[in-house]
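Asks: From Swiss-Prot, for reference:
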type	residues	note
DOMAIN	60-162	domain 'THUMP'
BINDING	180, 181, 205, 206, 264, 286, 295	ATP binding site
């Protein structure tokens, strides 16, 4: 009996009107993550997807890949058989090992015309297993093995252990955002969380050579590739902005404590213009409220005021550092993020950054320079390069 992979959809099942589009996007994303596996067959159902023709592949590796795809509730190894009791019983036996264990059977009928009801299916399959496997015992409360039987209109599906999927919504179903990506821990995690809500992403990062090194940029590129799993989770581009000219001019402002605030205001201005040009509907940052001096409410308001109500998403706003680090390890970005290469913000930070900036003071400081806006225009038009992550 040949196993198949059986996938149950996640939240998208709730979206009645948009179900067809949601499933279409999810199936496309699954095919992308499994693109290296040839000759697989995908059978799309109302609330499930079956993947067959798996004989030549490592099922564990395929399942590990599928666990990264947003929109999947759970994944399992299953058997698809004819709607004959004897076939269903044999499929149940595939999950039995040669050692003592407890089990329980659950059954559900989509096809109510099947000649046995759910209770009868459970009883007859359990009796068959007990007769053929003397080490088995029934435990309906805390079984070591739970066998699920689903009677469909065209077949029966039998599966055991459920492997939790990434849940969320299929990437690409909810538009596009531009992520301000640094080399730190937070923004890569923010990227994945925003993808979980069905948003596809591009990245922008800011470099300040010679103050930042090529290794720092290489680290950011590696992070972008890990976030997107080499562009299998979403087709993303990384835009690299050489910010050195602006940074050098901002260094001359009269209030050193506002240096980071002004730098971030220009980050936002550049990111907004780029977002509009790449048809992104929002910016995404890795800010977490109160985590560092520049991430207070006043600071966020002062920095975001340059955007004229362009949407900024901050998925980490209520997370503490330990939670963010835990997620970074889950997404395999943590070890890259802690590589010792400084980014623009860390190198440029004053000794005592203001935690209580205001819009009026920031705007007045920007007006001190007669050339700041001209340099900003030059940087946006001449100092941004695009890196394809594929």
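Here, residue 1 is simply the first one shown, and the rest follow in order.
Just so it is clear, glycine is given a Cβ too, placed from its N, Cα and C backbone atoms.
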Asks: Return the single residue from the binding-site residues list (205, 295) that has the minimum number of other CB atoms within 10 Å.
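Replies: Comparing Cβ neighbours within 10 Å for the binding-site residues 205, 295, 295 has the fewest.
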Asks: Looking at the domain 'THUMP' (60-162) alone, can you tell me the average pLDDT?
Replies: 96
Asks: Which of the listed binding-site residues (180, 181) has the least company, meaning the fewest other Cβ atoms within 10 Å of its Cβ?
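Replies: Checked 180, 181; of these binding-site residues, fewest Cβ neighbours within 10 Å: 180.
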Asks: If H, G and I count as helix, E and B as strand, and all else as coil, what does DSSP give for residue 180 (ATP binding site)?
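Replies: Reduced to three states, the DSSP call for residue 180 (ATP binding site) is strand.
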Asks: Including all protein chains shown, what's the count of other C-beta atoms within 10 A of the C-beta of residue 206 (ATP binding site)?
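Replies: Its Cβ has 29 other Cβ atoms within 10 Å.
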Asks: Note down the number of other Cβ atoms within 10 Å of the Cβ of residue 264 (ATP binding site), including every protein chain shown.
Replies: 24
